[in-house]
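The structure under discussion appears below in the form of structure tokens.
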2 protein chains.
Amino acid sequence: MLEGNVLYGQSGGPSSAINASALGVILEAMEHKDVIHKIYMMHHGIVGAINDDIIDVTDEDVAELKKLRHTSGAYFGNVRYKLLDWKDSEKDYRKILKTLKKYNIRYFFYNGGNDSMDTCNKISTYLQKVGYECRVMGIPKTIDNDLPITDHTPGYGTSAKFIANSMIDIDLDNASYPQGRVIVVEIMGRHAGWLAASSALANLQGHGPDLIYVPEIPFEMDKFYADVDKVYQKKKRCLVAVSEGIVDKNGSFIFQVGKKVDAFGHLRLGGVCQVLSTNVADALGVNSVALELSFLQRGACRIASKVDIEEGEGVGREAVKRAIEGVSDKMIAITRLSSKPYKIEYTLADLSAVANYENKLPRDMINEEGNNVTEKFIEYAAPLIDGELDDTFTSGLIDVPHLKNYRPL
Amino acid sequence: MLEGNVLYGQSGGPSSAINASALGVILEAMEHKDVIHKIYMMHHGIVGAINDDIIDVTDEDVAELKKLRHTSGAYFGNVRYKLLDWKDSEKDYRKILKTLKKYNIRYFFYNGGNDSMDTCNKISTYLQKVGYECRVMGIPKTIDNDLPITDHTPGYGTSAKFIANSMIDIDLDNASYPQGRVIVVEIMGRHAGWLAASSALANLQGHGPDLIYVPEIPFEMDKFYADVDKVYQKKKRCLVAVSEGIVDKNGSFIFQVGKKVDAFGHLRLGGVCQVLSTNVADALGVNSVALELSFLQRGACRIASKVDIEEGEGVGREAVKRAIEGVSDKMIAITRLSSKPYKIEYTLADLSAVANYENKLPRDMINEEGNNVTEKFIEYAAPLIDGELDDTFTSGLIDVPHLKNYRPL
């Protein structure tokens, strides 16, 4: 039995489930007081470990901590920081080691996406080299859902739920009007179309996108006009979902190369939704509106998926359990056992196999025309948005935790 | 007892509560089968009455109808159509009268904002002139909350709830970052600041806007820079809420006159959030992000206020009850009896007193500096966002009604 303390850090973009994972780590660690004495959080991920900027949550009130379940953002501070290889520069590693020794850290948990698993892997290798006994575990998190091995990532389900339900509301708005409109909704996803694809779940209620464009399929502007025209002729309205990162056949971002000059010869500005909206209005002579979901989709605890948040907490708990059992250098993965009924188990993935690899939307989840998803995607994604949390709001507002040692920014 | 049928129409922008009001009318009418035999909806408001484009909901399934409570948009079609005075042109009125006679309409309900009450008033006057017996009632609806006499309008509470909770999520996102950012959030409201003001409710959870700018107070760009600087120096981040319709001291919209030219001499594009965000980044050398809540704030049934939706249904039911009792030419108003505990009653307002008048945010709900709200506003708005609906979602998606006679667009 390895006695000592826990150090946990958050990394990469904020999400809806990362704080649930923090909670999972904290609550599980609290249940093993014989092994784990103190529970520390890095302030701003690995930079907190480097700079000895550490938050002690051992004595925080459990009822307040539990509010982390429905708290967006990265409550202990996120960071994007690329550790060099220790063979090239040991400076950061020495500082991290100093922090680990100072706080007697024997359990190190790092919560994030591809880059974060890379960080985790590097630290683990270094600690083995210098002979410092510490179990190092990765905890998956990314709304982008682009990690390999794991069936999906915590954070994706809640963002998908926000996106799908927003599409329902937007289509109901669009369907209200006596004049038809084309609405183009821009969804996050620079390289993978998982989030844009999730908009299709709205069609299960008959009010979803007619067309979906993802980065996995090269985008052709003329084909897009023809696609919209076909829908519009039939429905007199059209709802388009588009990943921010769609590219043309040369791999150039459409939000850069798709822009046209306006009547005054000036290059039009705006993101990809603005580009598509303006272009299609010109090409087809229809009314068109652009809408960007922006930050609202990444921290969406106001409309959390219970499945997602429970799994977020679950991977955090599992990481602690396994580490205490002696496991190290692994990321907790989610393995799906069945979709109907939805059933998963937690498994282990090698950190090195996860690090820096992006898992794209597979071709068989995209329709042949490349402008929508297939039934296979719907079966995959539908269970991930299910269920609502029942204790999110107090007097109509998200009940945010107030920890004694909370330090924003 | 005036026997006959009901005709109900939706008008103006979609909202979250207007379909709850439609439901209130339908359910209440169904409870008076001795008086009301058929229940008809205008397809696209008054234009449906003019063109004999009518939807019969008398025999729709009640369980499906009840889903209208959590359905965004204007389910029976909205419209913006200004009726001329009948003294100037009787054409539309004759067509409306023909429709009323054809369907034996003796109860006419029109659901909307200022302009809609004007429409309602004109029709009532005309019907009296030609001696057609029909009770005409207005039902209030607008997310803008700018109707006089009524304490507030159905639709406002749900939009306010979405805005306030979005601000919490956005501030938690902002507070996660190791580098400070100024986030400028654009909120609907061309002439009145009620919606932008509602963002302040987020501060009840410690994660709301630092600065709020509304159309009622002339906006000064230099003062804005100083306001942001002061907050940023202290917090290293800043969250700004701004009404789309803020104006300078000459009454010109800031999204028009506040724009600067870029390095290439081109006028920068974008709405007011983009203007403020770009300008403040230049002026203070800070990172800044613009975010527009757009349609997401106007049909926000995914995060409905129970108080708001129940009142939406309530004003619909009340209109039917009063009309059957013999009342005509009135709008149902909400009169607040107390804020703590929150208690209201339904009262009657003259249509002519409501028509075409915009109710602004009173000066004593805005702070002295003109960059935030007062405690008086918080006390006013807090009860309006309270409570959640419990039957909105099925399998994680808004459970949209599927009426036999549904006709989008």
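Each residue, glycine too, has its Cβ placed from N, Cα and C.
TrEMBL names B:Thr142, B:Ile143, B:Asp144, B:Met188, B:Gly189, B:Arg190 for binding substrate. Of B:Glu90, B:Glu220, B:Glu244, the residue it gives for the same site is B:Glu244. Reported as a whole number, the C-alpha separation between B:Gly189 (substrate binding site) and B:Asp144 (active site, proton acceptor) equals 6 Å.
Separation of the C-alpha atoms of B:Thr142 (substrate binding site) and B:Gly13 (diphosphate binding site): 8 Å, rounded to the nearest whole number.
Neighbour counts were taken as the number of other C-beta atoms within 10 angstroms of each residue's C-beta; across the binding-site residues B:Ile143, B:Met188, the minimum falls on B:Met188. According to DSSP, B:Ile143 (substrate binding site) is assigned to coil rather than to any helix or strand.
When Cβ neighbours within 10 Å are tallied across all protein chains shown, the highest count among the recorded positions B:Asp115, B:Asp144, B:Glu244 belongs to B:Asp144.
Within 10 Å of its Cβ, the residue among the binding-site residues B:Gly13, B:Gly189 with the fewest other Cβ atoms is B:Gly13. Apart from the site residues B:Thr142, B:Ile143, B:Asp144, B:Met188, B:Gly189, B:Arg190, B:Glu244, the chain places the Cβ of B:Asp146, B:Ile187, B:His191, B:Ala192, B:Trp194, B:Leu195, B:Ser243, B:Gly245 no farther than 8 Å from the centroid of the site's Cβ atoms, the recorded substrate location. Within 10 Å of B:Asp144 (active site, proton acceptor), counting CA to CA, the recorded positions B:Asp115, B:Arg190, B:Glu244 contribute B:Arg190.
Cβ neighbour count for B:Thr142 (substrate binding site) (all protein chains, 10 Å cutoff from its Cβ): 26.
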